[in-house]
Amino acid sequence: MNDNFKKQPHHLIYEELLQQGITLGITTRGDGLSDYPKNAFNMARYIDDCPYNITQHQLQLAEEIAFDRKNWVFPIQTHENKVACITKDDIGTNIDTLTDALHGIDAMYTYDSNVLLTMCYADCVPVYFYSTKHHFIALAHAGWRGTYTEIVKEVLKHVNFDLKDLHVVIGPSTSSSYEINDDIKNKFETLPIDSANYIETRGRDRHGIDLKKANAALLNNYGVPKENIYTTAYATSEHLELFFSYRLEKGQTGRMLAFIGQQ
């Protein structure tokens, strides 16, 4: 596949950014220790997996991306649209054990160096933000709820520079095979973007939705230039050999870890 995300042993990396001091990527599902399913590289401590497995996977990833896990930050995601400002004081949060810190946070941003923002995914959209000019990075977790409540707009509120200097990467997530019902479709039709561009009616109370397109449209609507938005072709629902899919695997699966950090 011709994509800016390049395969590595346990992750995909946005390779062209490495020379700019940005580490941006997402883990893949294979060659791990977890039974979600067998030999899975699960990165979530909040599912019924052995803590040892997660720690070993973290250590493996830290070595592969050359980013010490003591500098990672992980929030407790709740499918909302709250954004947290992260500093070096937060490094290590929820990495060894889960705590009450950063609870209810589905997006983070920082202007600090040597901080790796991380969150777990298994169909929802990882949205990465960066500006090398202004030394800014952010990461958002946008499922249908986060997309509908415009979590990307909430992140943009914390950007204190011209949006022409901001770049956004929309990472691997479910494809338009993901379906919603009439009630959810009606919610999306209240957004300030044309729902016809990302929702397709397939039958009674059945509508396919492309959450990647929806988030890209929202970002552009709020001032991020189209040419500054990159959307990967990778999809969790189409590439099960690489990714976990909560919906297709009926919840009995692991989670990938999306990450972004800057030197």
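Just so you know, glycine gets a Cβ as well, placed from its N, Cα and C.
Swiss-Prot names His79, His141 as Zn(2+) ligands; from the candidate set Cys85, Cys124, the record adds Cys124 to that same site. Other residues of the chain with a Cβ within 8 Å of the Cβ centroid of His79, Cys124, His141, the Zn(2+) site, are Gln77, Asp106, Met119, Tyr121, Val125, Ala142, Gly143, Arg145, Gly146.
In sequence order, Gln77, His79, Asp106, Ala107, Met119, Tyr121, Cys124, Val125, Pro126, Val127, Ile151 are the residues of the chain that are 6 or more apart from His141 (Zn(2+) binding site) and have a CB within less than 8 Å of its CB. The binding-site residues His79, Cys124 differ in how many other CB atoms lie within 10 Å of their CB, and the one with the most is Cys124.
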